[in-house]
Amino acid sequence: MTPMLPGGGGGSDHRVSFSAPRSFTTAFKSDLKETFFPDDPFHDFKGKSFPIKAKKTLQYFVPIFEWLPNYTRRLFMFDLLAGITIASLAIPQGISYAKLADIPPIIGFFVPPLIYSVFGSSKHIAVGTVAASSLIIAATLGKKVDPDTDPELYLDLVFTTTLISGVAQLILGVFRLGILVDFLSHSTITGFMGGTATLICLQQLKGIFGLKHFTTHTDVVSVIQAILKNRKEIRWESTSVGVIFLIFLQFTKYVKQKKPKLFWVSAIAPMVVVVSGCVFAYLAHAEKHGIAIVGDLKKGINPPSIRRLNFDPKYISAPIQAGLITAMIALAEGIAIGRSFAIMENQQIDGNKEMIAFGLMNIVGSFTSCYLTTGPFSKTAVNYNAGCKTQMANVVMSICMMLTLFFLAPLFSYTPLVALSAIIMSAMLGLIEYEKAYHLFKTDKFDFVICMVAFFCVAFISMDVGLMMSVALALVRALLYVARPTSAKLGNIPDTSLYRDVEQYPGATDIPRTLVLQLGSPIYFANSGYIRERILRWVRDEKAKKDSQGDDVEYVILDLGGVTSIDITGVETLVEVRRSLEAKQIKVVLVNPRLDVMEKLIVYEFHRKNRDRIRNRGVQIYTHANEGLQWQLTLDK
């Protein structure tokens with residue numbers, strides 16, 4: 001800051017706009033667009049003729065019309081290989097996860113991939129069921145209906161849960177409410193998935209040990225107590241087979257990690273386990289040795305289930321609870337995985353379009369004997385590594401599964417339950433991400449706490465409690481950021497016109513008789529009191545410092561470049577700050593206010609009540625003090 005004569009300053013002088021604020025309609029449309037359409041999805045429509053707009057609209061809402069016209073035989077060969085590969089994984093996992101959800105082993109799960117191939121925007125997602133959602137459905141519905149005593153009613157509620165989940169996902173997508181999924185932070189998902197994986201692994205000990213009696217509760221303590229209570233039922237034959245299968249599956253994962261080109265070894269491993277298990281069970285008469293098998297499976301696909309949807313007030317609370325929770329979990333997992341693989345290809349996917357696709361495939365799935373599906377990591381990773389090029393890989397996978405249901409279903413009736421337990425455990429061990437938890441601990445202790453709260457609450461209480469507790473902690477953290485925003489004192493970088501945070505740049509020099517503060521958040525009712533006190537504390541500390549140096553504070557310049565919005569409480573706060581400082585013979589200058597902030601100040605006539613003139617020349621601000629000197633401040637954005 002350098003003193004200059006009145007009227008000096010060099011160069012043109014551009015004033016801050018004091019024109020009439022935008023109309024309510026204009027401002028509301030702008031805010032609405034930024035809230036629900038931050039990606040501006042229809043920017044390509046501008047200046048186009050009606051036929052082109054109609055074509056682009058159809059391609060936007062039904063993505064298959066965008067990639068199918070350019071589809072080639074060469075692309076199909078890649079997708080054919082990928083589809084067959086993921087089908088070999090999807091079939092045994094589908095049977096395993098259906099068992100986890102306490103529903104019949106074979107469900108018509110080939111329909112959702114077909115729906116996603118039409119409406120989905122990700123080229124890499126492979127649609128399928130997931131363990132976490134399966135366990136949530138079983139745990140929630142099991143409190144209302146026992147799947148063993150009334151399996152038909154229980155299955156009806158599973159289809160109803162799937163419908164509710166799909167409708168919730170569709171509504172979120174249509175109204176572009178993807179922002180709600182953002183409340184499931186990375187640390188929350190990591191802890192939740194880890195805790196769920198731990199529960200699932202422990203529950204599969206029933207199949208590994210060959211136990212006939214077990215607990216219906218999902219917490220760690222109940223599971224361990226059930227194992228100890230029924231330890232006399234443990235069969236060494238079942239345990240030996242389970243351990244062998246588990247070691248084999250883990251070994252194939254190790255091979256994949258060491259030699260990524262051999263990804264197919266890990267991909268076909270579950271199918272190898274199922275086939276070898278069937279052969280072993282058939283030849284060794286496994287049931288006679290205490291090794292339970294899946295049992296009778298009929299050929300063909302299941303009939304439509306639209307008439308099986310049950311909205312009985314006596315039971316509907318459980319499907320609603322399970323449907324809403326699984327909808328959010330499935331969306332968070334599917335969209336996050338889709339975006340992760342899209343980034344690898346330098347591509348982007350629309351989260352809201354994905355919500356619509358997930359919603360439609362679950363709604364149709366509930367009508368066709370399917371239960372909740374999403375984009376699981378294991379199948380998507382295999383699909384990506386297998387070289388998929390388009391959504392056609394899901395079509396190939398669906399056809400393979402349909403052919404299996406028509407011709408090969410009875411062969412899977414000899415599948416040992418211990419083989420399915422081993423497949424589930426192997427898949428779940430990969431979801432307990434120790435390295436990510438340690439990384440959170442090293443980088444952000446609060447995120448680590450959120451992760452651990454989710455993990456331990458899921459493991460020792462319940463999944464819904466763990467999810468709610470971790471989300472609540474994440475919201476508390478967000479509120480702390482909002483209610484206690486950061487501010488910084490700026491100093492001049494020697495031999496430059498730049499002003500930077502003095503804590504970040506210790507070499508920055510103070511400005512004589514002036515305190516420059518940078519505010520970096522919206523100012524509104526939740527934080528206005530803190531901001532007022534923080535500014536006054538900055539002034540108090542600066543006055544004490546300058547007094548010791550024989551200087552004084554005559555000007556406080558507030559850089560509002562980072563203040564994106566302000567409410568009436570925030571404006572009143574600025575008025576209070578100005579009055580408090582003027583009572584101490586300190587003048588306040590507002591610098592670089594944004595449009596939304598300036599409009600509120602104009603309506604409030606703050607600038608007319610302020611005796612200083614606020615003028616903005618790009619990032620150069622001039623203000624005339626009472627002494628007749630003009631001070632120039634260059635604030636680099």
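Note that Cβ sites are derived from N, Cα and C of the backbone, with glycine treated the same way.
The following features are taken from TrEMBL:
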DOMAIN    504-632  domain 'STAS'
TRANSMEM  75-91  transmembrane segment
TRANSMEM  103-119  transmembrane segment
TRANSMEM  125-142  transmembrane segment
TRANSMEM  154-177  transmembrane segment
TRANSMEM  263-283  transmembrane segment
TRANSMEM  315-335  transmembrane segment
TRANSMEM  355-372  transmembrane segment
TRANSMEM  417-434  transmembrane segment
TRANSMEM  446-476  transmembrane segment
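When each of 75-91, 103-119, 125-142, 154-177, 417-434 is scored by its Cβ pairs under 8 Å to the transmembrane segment (315-335), the top-ranked stretch turns out to be 154-177. Between the transmembrane segment (125-142) and the stretches 75-91, 263-283, 355-372, Cβ pairs under 8 Å are most numerous for 355-372. This prediction places the mean pLDDT of the domain 'STAS' (504-632) at 76. Packing against the transmembrane segment (263-283) from elsewhere in the chain are residues 85-86, 88-89, 91-93, 95, 241, 245, 248-249, 252-253, 255-256, 291, 293, 382, 385-386, 411-412, 414-416, 418-420, 422-423, 426: each is 6 or more residues past its ends and has a CB under 8 Å from a CB in it. Just going by CB pairs under 8 A, the stretch in 75-91, 154-177, 355-372, 446-476 that sits most against the transmembrane segment (103-119) is 355-372. Counting same-chain residues at least six beyond the ends of the transmembrane segment (417-434), those with a Cβ under 8 angstroms from any Cβ of the stretch are 92-93, 95-97, 99-100, 131, 190, 193-194, 196-198, 200-201, 204-208, 210, 238, 241-242, 245-246, 249-250, 253, 270, 273-274, 277, 291-294, 377-378.
Same-chain neighbours of the transmembrane segment (355-372): 98, 101, 103, 107-109, 111-113, 115-116, 119-121, 127, 129-130, 133-134, 137, 158-163, 165-174, 178, 181, 301-306, 309, 326, 330-331, 334-335, counting only residues six or more beyond its ends whose CB sits under 8 Å from a CB of the stretch.
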